[in-house]
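Asks: Below are the structure tokens for one structure; questions will follow.
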Amino acid sequence: MFGKKNLKWLGVVATLMMTFVQLGGALVTKTGSADGCGSSWPLCHGALIPEFFPIDTIIELSHRAVSALSLLMVLWLVITAWKHIGYIKEIKPLSIISVGFLLLQALIGAAAVIWQQNDYVLALHFGISLISFSSVFLITLIIFSIDQKYEAAELYIKKPLRRLTWLMAIIIYCGVYTGALVRHADASLAYGGWPLPFHDLVPHSEQDWVQLTHRIMAFIVFTIIMITYIHAVKNYPNNRTVHYGYTAAFILVILQVITGALSIMTNVNLIIALFHALFITYLFGMTTYFIMLMLRSVRSDKQ
């Protein structure tokens, strides 16, 4: 059960399941299904199996089921990884983070159901689960030795790119929070047209301010990633990890901006909104991979 031969498929399945957790959370919020099981948790309407199954109950129950299965799968993965490749420096801390933040995400989700938290607290939910996803994602990359391929093993990231990448990670995370707040505050269609309602630029409600803040953060995210991408490909032209990685990040942020704009233009089409959540999930995952490589460069400085 915990054999080394299981590591690769466990990593892939756990990463996919964590992706579905992210998308499921976005689906619950977008469809207003957070109260699909009433104020009961872990039961649904006070029962293990509810009497009726309206669509919001099905969506909420499905999200809970996927979250529970993902916890079991992540536990299986981290125990197996700890046992067989725990000698790799990053595996143990990543294992602790992945399980710890997944449990924290579940607790915040439960608190939201039972005590009806305010929007600003609920917006933390997506970001916390994103940290857990990224930890599982990194464990999977290590299992497949991606961190040793494409000149990654001999890569030394200098201070300018380190600073830009840290800034990129912080700004993305702030953008994630404001995006989650847009969903929870029911502000997806606030503040008029995209990119700005030029006929009336002054926000008139809390929802307008939430939406405007997210658009400003999205613009900053795009700008910082573009600057980081240009710096990376210009200064590391012969390193495929940097070239491919930061190019992928730049493509993902472009797709993120496009789906964000289309969400508004289509009155929040559900499929587009889910792609919007998917792209930011993998963009943040890519950024944490850069951070892992950067921390290795920092350790080499100290040796």
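Heads up, residue numbers simply count up from 1 along the chain you see.
Quick reminder: no glycine exception, Cβ is built from N, Cα and C everywhere.
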Asks: Compare the topological domain names that Swiss-Prot gives for Glu90 and for Thr266, and report whether both residues sit on the same side of the membrane.
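Replies: Topology check (Swiss-Prot): Glu90 vs Thr266, domain names differ.
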Asks: 10 Å Cβ neighbour count around Cys37 (disulfide bond)?
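Replies: Neighbour count, Cβ to Cβ under the 10 Å cut-off: 22.
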Asks: Around the C-beta of His63 (heme o binding site), how many further C-beta atoms are within 10 angstroms, looking at every protein chain?
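Replies: There are 24 of them.
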Asks: Under 8 Å, at least 3 Cβ pairs, sequence separation 6 or more: does that hold for the transmembrane segment (9-29) versus the transmembrane segment (271-291)?
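Replies: Judged by the Cβ rule, the two regions touch, with the required three close pairs present.
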Asks: In whole Å, how far does the CA atom of Cys44 (disulfide bond) lie from that of His63 (heme o binding site)?
Replies: 12
Asks: Is the transmembrane segment (216-236) packed against any residues at least 6 beyond its ends, judged by a Cβ distance under 8 Å, and which are they?
Replies: 158, 160-161, 164-165, 167-168, 171-172, 174-175, 178-179, 242-243, 245-247, 249-250, 253-254, 256-257, 260
Asks: Relative to the transmembrane segment (271-291), which of 68-88, 126-146, 164-184, 245-265 accounts for the most Cβ pairs at distances under 8 Å?
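Replies: Out of the listed stretches, 245-265 contacts the transmembrane segment (271-291) most.
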